[in-house]
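Enquirer: Positions annotated as NADPH binding site by Swiss-Prot: THR21, GLY22, SER23, ILE24, GLY47, ASN50, ASN127, GLU129, GLY206. Look at Swiss-Prot and you will find LYS128, SER152, GLU153, SER177, HIS200, SER213, ASN218, LYS219, GLU222 tagged as 1-deoxy-D-xylulose 5-phosphate binding site. According to Swiss-Prot, the Mn(2+) binding site annotation covers ASP151, GLU153, GLU222.
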Amino acid sequence: MTTATDGFADGRLRVLVLGSTGSIGTQALEVIAANPDRFEVVGLAAGGSNLDTLRRQRAETGVTEIAIADERAAQLAGDIAYQEPDAVTRLVEETEADVVLNALVGALGLRPTLAALASGARLALANKESLVAGGPLVLQAAQPGQIVPVDSEHSALAQCLRAGTPDEVAKLVLTASGGPFRGWSAADLQEVTPEQAGAHPTWSMGPMNTLNSASLVNKGLELIETHLLFGISYERIEVVVHPQSIVHSMVTFVDGSTIAQASPPDMKLPISLALGWPRRVPGAARYCDFSQAQTWEFEPLDDEVFPAVELARHAGETGGCMTAVYNAANEEAAAAFLAGRISFPAIVGTIADVLHAADQWAVSPANVDDVLDAQRWARQRAQRAIAKASPAGACEKVSGLA
């Protein structure tokens, strides 16, 4: 395998796209197609839920190295090179790439993340769950600078941190739009439907990310990811609400300076930067327009109504496999909400219940199996909590969000 460390000096970068049919994956392929002098697709991987899109991508890119995680979907797709249970991981291990973009959804991305790091390729990481769940294992496997974040907030922090040295950093500030329920009361949230939770005010994302943003669980995952990526203690990471989603994050330095990264909400900017890091791709996104009056608002997060971020902070500070427990409990609870089995507030309530009983997992994992065991336990515990939850406030499943 080849590690890409010198930008574009040696020719086009070979990119392996995992999660190619999702929101991040499709936008990444658009970035690559718009910059054929910089990037070349060498492989695609998908879960298997959108075979028509994958077929179109195969035709457009001419790629033959393709993996589908779901065996049944792989059989329906026909001539697919990798379709075993470990298809995506094998694709990463056997395909020469300079950059592996991991945009898979959920904990499915952990083994491919570790395989990408072992290959020496740069890992453009959009699958935050693999870092949150794998934590110490992922950090141990990574070379310095090998992981480049795709999330807009972490991309912003990486850019802002260029303005100073590590010992000059006072704190990191993550921004959150506040989601579609910003300003709502806890009582109001009892009546939220999956359709309402699937409408983000500023970003266009996949269904699970959109729901996680509505519950603020996504910001909790990003808090954990921030600590792991940049090595900053949790007490030096703040979360503020910024409904316009123009300032994507900020870094405050010891002299009182605060450096912010601002751009209109468009994931193609952090995607392009992660693919070409540390060089920028011209024309990746629109500029901010300062020719007209506008207001950028910042306000504190209401932790009482939206406790997901503080639960994530607790899980991260406790350490061990607790962040994996947080993530797995959320995945179960989110699925239950979309199926109409629990109310919207019960998503975070389920996470809290599982974390409260998870003291046994406050031990660092020795291997991937330890992480998977913690997640399996968390899912089972979450399922029990969901079964006990009151159906009051639960709503019908909305097609297209589950």
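Glycine is no exception: its Cβ is also placed from the backbone N, Cα and C atoms.
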Enquirer: Just to verify: the residue among THR21, SER23, ASN127, ASN218 with the fewest other Cβ atoms within 10 Å, which of the binding-site residues is it?
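Expert: Comparing Cβ neighbour counts within 10 Å for the binding-site residues THR21, SER23, ASN127, ASN218 gives SER23.
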Enquirer: Across all the protein chains here, work out how many other Cβ atoms are within 10 Å of the Cβ of LYS128 (1-deoxy-D-xylulose 5-phosphate binding site).
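Expert: If we count other Cβ atoms within 10 Å of LYS128 (1-deoxy-D-xylulose 5-phosphate binding site), we arrive at 25.
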Enquirer: May I ask which of the binding-site residues THR21, SER23, GLY47, ASP151 is closest to LYS128 (1-deoxy-D-xylulose 5-phosphate binding site) if we compare their C-alpha atoms?
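Expert: Closest by Cα: ASP151.
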Enquirer: Quick one: pull the CA-CA distance for ASP151 (Mn(2+) binding site) versus ASN127 (NADPH binding site), whole Å only.
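Expert: That comes out at 9 Å between the alpha carbons.
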Enquirer: Relative to the mean position of the Cβ atoms of ASP151, GLU153, GLU222, the recorded Mn(2+) site, which additional same-chain residues have Cβ within 8 Å?
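Expert: Everything else in range on the chain: LYS128, PRO149, SER152, HIS154, SER155, LEU174, ASN218, LYS219, LEU221, GLU225, THR226, SER249.
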Enquirer: What is the separation, in Å, between the Cα atoms of GLU153 (1-deoxy-D-xylulose 5-phosphate binding site) and THR21 (NADPH binding site)?
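Expert: The Cα atom of GLU153 (1-deoxy-D-xylulose 5-phosphate binding site) is 23 Å away from the Cα atom of THR21 (NADPH binding site).
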Enquirer: Looking only at Cβ atoms, how many others are within 10 Å of the one on GLU153 (1-deoxy-D-xylulose 5-phosphate binding site)?
Expert: 26
Enquirer: ASP151, GLU222: which of these binding-site residues has the sparsest Cβ neighbourhood within 10 Å?
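Expert: Candidates: the binding-site residues ASP151, GLU222. Fewest Cβ atoms within 10 Å: ASP151.
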Enquirer: Would you mind reading off the Cα separation of GLY47 (NADPH binding site) from ASN218 (1-deoxy-D-xylulose 5-phosphate binding site), to the nearest angstrom?
Expert: 21
Enquirer: Give the distance between the Cα atoms of ASN218 (1-deoxy-D-xylulose 5-phosphate binding site) and SER23 (NADPH binding site), rounded to the nearest whole Å.
Expert: 16
